[in-house]
Amino acid sequence: MSGTIFIISAPSGSGKSSLVNELRHVVPGLEFSISYTTRAPRGSEQNGREYFFVTREKFDAMLAADEFLEHAEVFGECYGTAKHFVTEALARGNDLVLDIDVQGAAQLKVKLPDAVGIFILPPSRKELEARLKRRNLSDHVAPEVIERRLKGAGKEIENFSHYDYILVNDNFETAVEQLRAIVLAERIRRSSTQISEENRAILEAAECCIRKNAMQRVQSILDSFKDATDPQP
């Protein structure tokens, strides 16, 4: 059985990295692509675990050598997925998780049309702003930087329709369970074995995150960003 590529994207501050890290512990047999980035590590991040932290010169050299399957610049920093992570995982028949932004995801969906896209949303603009402020408090990030990221998030969220599943991270434990269900549901659909009651429950849990079934929740989140940018009377 061939492996599945899972593309996971989210606006900055939506909790994507924490969810993906937890997914490592609750779903066996998953491989994780580690992106290269020119940005500095945050908090407890370690080189080779969350990212490979490289200089701009190193990144540009890899780009010139055609080592990236996708790459993008986000808030002035470069991110890229090395080709070998994907080719090696597919050769082994393993599932692979790619934690990338919407620019990189768009590139990959062209090259890997069968990849499963998962978009993680914050519950509202207000909550995302609060999360960004908490995360950046120790880094002494200027208010205008947070505002720029909020505006960027509003634009990123408009890309939700390019993804197969939509997951709202308003409760971490629930979001982890939904993310786990999505991955396992895709495995079940690829399998020819009879569906058990346990598997049926997994399929039902994933079903609520399919884009068309999450539209009411998505619309309220979109509205929260629109309301913040509309001029007040």
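Glycine too: its Cβ is placed from the backbone N, Cα and C atoms.
Cβ neighbour count for Gly13 (ATP binding site) (all protein chains, 10 Å cutoff from its Cβ): 22. Secondary structure at Gly13 (ATP binding site), taken from DSSP and collapsed to helix, strand or coil, is coil. Look at Swiss-Prot and you will find Ala10, Pro11, Ser12, Gly13, Ser14, Gly15, Lys16, Ser17 tagged as ATP binding site.
Taken from Swiss-Prot, the feature domain 'Guanylate kinase-like' applies to 3-184, supported by sequence analysis.
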### Message
Using other CB atoms within 10 angstroms as the count, which residue among the binding-site residues Pro11, Gly15 scores least?
### Response
Gly15
### Summary
Quick note, Ser12 (ATP binding site): same-chain residues at least 6 apart with CB under 8 Å of its CB -> Val74, Phe75, Leu132, Arg149, Gly152, Ala153
## Note on the structure
Out of Lys16, Ser17, the listed binding-site residues, fewest other Cβ atoms within 10 Å surround the Cβ of Ser17
